[in-house]
């Protein structure tokens, strides 16, 4: 039952802001299920495939998914997700938390600057557009495998800032792209013993319900408000993980 509510909460956040929900699910599993960081990362990725499927379906019904962009993102993300998962297995827990926290704060600050950025540049088109999508997918896939998240925390800002996507379209396309990359990362973590299989069914059920509700709510909000919510969620989570990583580092040093 606890895993259902964790999935429900993560799915609602994931559907609302176009993330897999790992930024919410991972700390909840660590705190309430007693998972270590690595086990939480692997289990999160296994469940987040269903966040992508449910969320992308809801966004698609609202006309806010670009299948072509999602395919380009997924092509390189699939290739790099496995390497991220393998690298995560070699890192101490405090380094995982520190890297994750720093990463999400950086991308959230970029996203908050979008109104000023948009006035100073033109969206990438043609070959440059393809290159941006492939590069974003590759980096996102690596971080998805490394951090146990869907990769939307990088894909969404890249599409909004560099390609001129609306927040809605970027979030919907990101949710679709994270499905194959998440599956590859989850499989790698499973082979390494980093997935708590008995927990996954409850997480999935909660995720499906929560993601549908969050994705529907996202289309009722103004784009600017949605973008700010997205950034604030990332800043909150990043700050929390950096603080915890420093505590863990001090404990190891002591």
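Even glycines carry a Cβ here, placed using N, Cα and C.
Bear in mind that TrEMBL entries carry predicted annotations, made automatically and left uncurated.
Annotated transmembrane segment per TrEMBL: 6-26 (among others), in sequence order.
Per TrEMBL, the feature transmembrane segment maps to 38-61 (among others).
Listed by sequence, the residues of this chain that lie at least six past the ends of the transmembrane segment (67-86) yet keep a Cβ under 8 A from its Cβ atoms are 42, 45, 56, 130, 133-147, 151, 155, 159, 163, 165, 173-174, 176-182, 184-185, 188-189, 192, 194. The transmembrane segment annotation in TrEMBL covers 67-86 (among others).
Within the chain carrying the transmembrane segment (98-118), a Cβ under 8 angstroms from the stretch's Cβ atoms is held by residues 23, 91, 143, 146-147, 149, 153-154, 156-157, 160-161, 164, 224, 227-228, 230-232, 234-235, 237-243, 245-246, 249, all 6 or more beyond its ends. Summarising the annotation, TrEMBL assigns transmembrane segment to 98-118 (among others).
Residues or ranges marked as transmembrane segment in TrEMBL: 130-163 (among others).
According to TrEMBL, the feature transmembrane segment maps to 175-197 (among others).
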